[in-house]
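As structure tokens, the structure follows; a few thoughts come after it.
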């Protein structure tokens, strides 16, 4: 009886995952997702409106600024909280950030279990890629020469981190989602943006960097 009772303490897979002191989430899924969506929309619309004040800035650059602001704040706030709050699953205050990870763990219980690989990937993402993403917003806004190199580097870091995230799950058996719904909605869906968008940005930056070096090479040839 004790074994079956302990298995019912949390909603995560595997059922025998030990989470002593686990406190069930208070906020509903719609509240958690809705708040995140509204907050993200507010950030994106604010950046897009402010970036439109400069006629020299293209729409692509404005959308890139929105992406880097959104992803930077997500890395620093959400993922930063996870990294530095190892016992979030014990939270009794209905703290929104703790509730986010209690809910997301239904799609990947490695978060609740504090899997070393996940903590390492999220730690680097929060501490390095988060601030770098906000620096990319500044670089785009001010037309800094390092803008493309910076965006390329962050995008490669995001792709590497996402690849490590998926590969480690696969190597460990991939049985961490409470149901197919959570698997596709959280594990796949919530991470898809960090595969598609960094890939597109990497390609764009690669082309821009190559074009710049090509122009520089042509100038040197003419001078000679």
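Cβ from N, Cα, C; glycine included.
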Under TrEMBL, which of the candidate ranges 32-51, 92-111 is annotated transmembrane segment?
32-51
Near the transmembrane segment (183-203), which residues from the same chain, at least 6 beyond its ends, have a CB less than 8 A from one of its CBs?
64, 67, 71, 104, 106-108, 151-152, 154-156, 158-159, 161-162, 165-166, 169, 176-177
DSSP residue counts for the domain 'EXPERA' (60-202), split into helix, strand and coil:
112 helix, 0 strand, 31 coil
Take every residue in the domain 'EXPERA' (60-202), average their pLDDT values, and give the whole-number result.
96
If you count every Cβ pair below 8 Å, which range out of 32-51, 63-84, 116-141 shares the most with the transmembrane segment (148-171)?
116-141
